[in-house]
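Q: After the structure tokens below, expect a handful of questions from me.
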Amino acid sequence: MKEPSIVVKGARAHNLKDIDIELPKNKLIVMTGLSGSGKSSLAFDTIYAEGQRRYVESLSAYARQFLGQMDKPDVDTIEGLSPAISIDQKTTSKNPRSTVATVTEIYDYIRLLYARVGKPYCPNHNIEIESQTVQQMVDRIMELEARTKIQLLAPVIAHRKGSHEKLIEDIGKKGYVRLRIDGEIVDVNDVPTLDKNKNHTIEVVVDRLVVKDGIETRLADSIETALELSEGQLTVDVIDGEDLKFSESHACPICGFSIGELEPRMFSFNSPFGACPTCDGLGQKLTVDVDLVVPDKDKTLNEGAIEPWIPTSSDFYPTLLKRVCEVYKINMDKPFKKLTERQRDILLYGSGDKEIEFTFTQRQGGTRKRTMVFEGVVPNISRRFHESPSEYTREMMSKYMTELPCETCHGKRLSREALSVYVGGLNIGEVVEYSISQALNYYKNIDLSEQDQAIANQILKEIISRLTFLNNVGLEYLTLNRASGTLSGGEAQRIRLATQIGSRLTGVLYVLDEPSIGLHQRDNDRLINTLKEMRDLGNTLIVVEHDDDTMRAADYLVDIGPGAGEHGGQIVSSGTPQKVMKDKKSLTGQYLSGKKRIEVPEYRRPASDRKISIRGARSNNLKGVDVDIPLSIMTVVTGVSGSGKSSLVNEVLYKSLAQKINKSKVKPGLYDKIEGIDQLDKIIDIDQSPIGRTPRSNPATYTGVFDDIRDVFAQTNEAKIRGYQKGRFSFNVKGGRCEACKGDGIIKIEMHFLPDVYVPCEVCDGKRYNRETLEVTYKGKNIADILEMTVEEATQFFENIPKIKRKLQTLVDVGLGYVTLGQQATTLSGGEAQRVKLASELHKRSTGKSIYILDEPTTGLHVDDISRLLKVLNRLVENGDTVVIIEHNLDVIKTADYIIDLGPEGGSGGGTIVATGTPEDIAQTKSSYTGKYLKEVLERDKQNTEDK
């Protein structure tokens, strides 16, 4: 019987050239090929898109409007499709409330565990809270000052949606006269209609009393009635005082600290019942940072030391500052750091109640006199941020503010009550500070009583199962409270991968995009085993991947190429990895079999005396690291995932240099000192973020070559005759562009129930320019024709104009010859965007004082692309510049001049320097995981060289 398969016929999405392919079902399929060859076009834009579209099509029109409909991919037929799930890197939640624990649903089970077997303790006296008797409640109320007026309330509805009409009617029938609804006392017969879509709290007024001797019996009776009405809860409304809360279940006998019935929502920082009231469950507060307000303390007040008050169109703040200095005799020509502590305090935090009179010039002209108390710069920024109706003002003020842990909950996000409940000796805030491996160990060995163990058994099973999956995909170093927005693309993808395994679905088509990103070689085997486990459940996995180990582990390997862009889009080879390795046409096969490889350099640049010295780096998990980064060579920072590479390079090195050199507002991670910054004059972070967020941005505009091309067109005879300047050939401004589409070339048509449709502009036929502009030509081509050329074509076309050719040649050198000059920035992959940035740096004149920082530049790159990338990076170093790379890819690591290896483990087990030196030095370091794998690669390459 024929094995089931997915049959694709006539796929033409993007650069795919009408390809037909049959893929075996229930197998691990890896698609590979050069960057831009068409892998994602086949995997995501064809197979996944059609699988998803067919599923959505089966839903009702009502449901479809919420899901949004996917376009039908450009393909003739696809047979044998299963429901498709895509696990890519782009869908990480940036919501500050989203954490590793919430995304994986582990937190839901932990909350349930605390609600079922948690033991509440009084935070003031550290004793377990037992249930309160009516007598204890009476005694506590009688301690109130004599003649205090009180109302006994029975909470019958606690923060629940609904209009609650029936309940209110029943309360009236029982003879109760008053209610407190959402804090307001109302007559039971005059209750306004409640909005059923809002949460409400309803309390019955059971009795109203004045505290005095002799009311104990009546008080006890009323308390019993209230407890019966509200299932054991009682609120005492102390007139002109704070409410007292009592519970038949939980309260401290010494201080009366009481806690309501334990329920899961009490432990949720996304619920008003559990969230810290100060920070609303965010764990952080935006606070004015003095270091951002006065970034350069060597400046004087006259030189603009207080940055937010540097003069603008109104001189209100500079005049106020001048007057304050006159009143308090503060020298405005003295460096800020040399002012006395008292003087700095007055400037930053205000002058108390003393009023100051001054006259300032208004924005519209004219002068005005004001008398006011000087509040201080810090309170002024805070007030304007919180109270200003202007979005612009709030944005400007936020530049001088930093997220700091909330003072009430100390960053734990939860209320005092929630943090007073313990299981196994820890509260929920302490548990989520554990890394995944620590939490797994804790829950496997948790010590519970026999009764609690019976209750918690099923919950613990779910928690341990999910933690095990996360551990198995190499994420053991992540803490449970880590914010989702701070995860790398690879980490976020592996979290979703672990969640999917936990769901135990079968018969599904999973499409994954480079799950090995950010993963050290040590953890690769665990990831591959996870993928195989998903396959063995009866699922089909299509993985777009360049990783050597993953390709070798595939059941079926598809090599797409042979080149990129126009030169790709074909199936070069497919079959088992062994079959592809034997195929001489397959570039991937040649690299896999060792016939082609990236060579180890014959000569490594020695580390010179010129260096950046970092001392006492303590950002995140770094343990007071001291390290030297040599200048004018290529340094690669390595280490297992979570070892502290990004903390050292991005948080400490980049941010501190950006702050000093670029005068950036970023706040670096903690460190004692950094020396050697004066040897640099430029720091550039070349990441994989888009080169522009609108279709108007493209490689030509980003690299600046489009300016030169517009100059050429403005110099043509036709342009001179017509009086056209350079601006005429811009599609961003009026004049030369087509006004029907405002220079976009496309028009958006909104469709209800269907996705928005983009159609070429009928007026300019998608050319972006008006007819008159397009009549100007250079060598027979108009400006729109130039934008449609590939970089390779344009390089030949402008070969006689050195300025343009030089810039275009750098794009060819980084492997982007296939991209069109006018390709929209939004359609470039992360790897392509990064290489456009590299190209724009390459054609600039080097000073030899620049430092380039790259975080995993091999993401999305084939081995052949990596080879090209390394040549480009070496060109930067040959100019005398410095390159610092965070990388796991052994081909990059083996070509480095110098390596800084962090570890030894991830998370709390990392954050120290394991070894530094040349790749050969690291390979000899027994304690280095990187060294172990590097040694194998260096020996294999040496063997291959000798065999030749």
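Glycine residues also receive a Cβ, built from the backbone N, Cα and C atoms like all the rest.
Owing to the predicted nature of the structure, the values given are computational and were not obtained by experimental measurement.
Reproduced below are the annotations present in Swiss-Prot:
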type    : residues       : note
BINDING : 33-40, 639-646 : ATP binding site
DOMAIN  : 309-587        : domain 'ABC transporter 1'
DOMAIN  : 607-935        : domain 'ABC transporter 2'
ZN_FING : 252-279        : zinc finger
ZN_FING : 738-764        : zinc finger
Q: Return the count of C-beta atoms lying within 10 angstroms of the C-beta of K645 (ATP binding site), excluding that atom itself.
A: 27
Q: By DSSP, what is the split of the zinc finger (252-279) into helix, strand and coil residues?
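A: Secondary-structure breakdown of the zinc finger (252-279): 4 helix, 2 strand, 22 coil.
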Q: Below 8 Å Cβ to Cβ and six or more residues apart, same chain only. Which residues does that give for K39 (ATP binding site)?
A: M31, T32, G33, V544, I560
Q: Tally every other Cβ atom lying within 10 Å of the Cβ atom of S35 (ATP binding site).
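A: Here the count is 27.
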Q: With Cβ-Cβ distance below 8 Å and at least 6 positions apart along the chain, what are the contacts of S643 (ATP binding site)? List them in sequence order.
A: Y477, L902, G903, P904, E905, G906, G910, G911
Q: If you count the C-beta atoms lying within 10 Å of each candidate's C-beta, which of the binding-site residues S37, S641 ends up with the smallest number?
A: S641
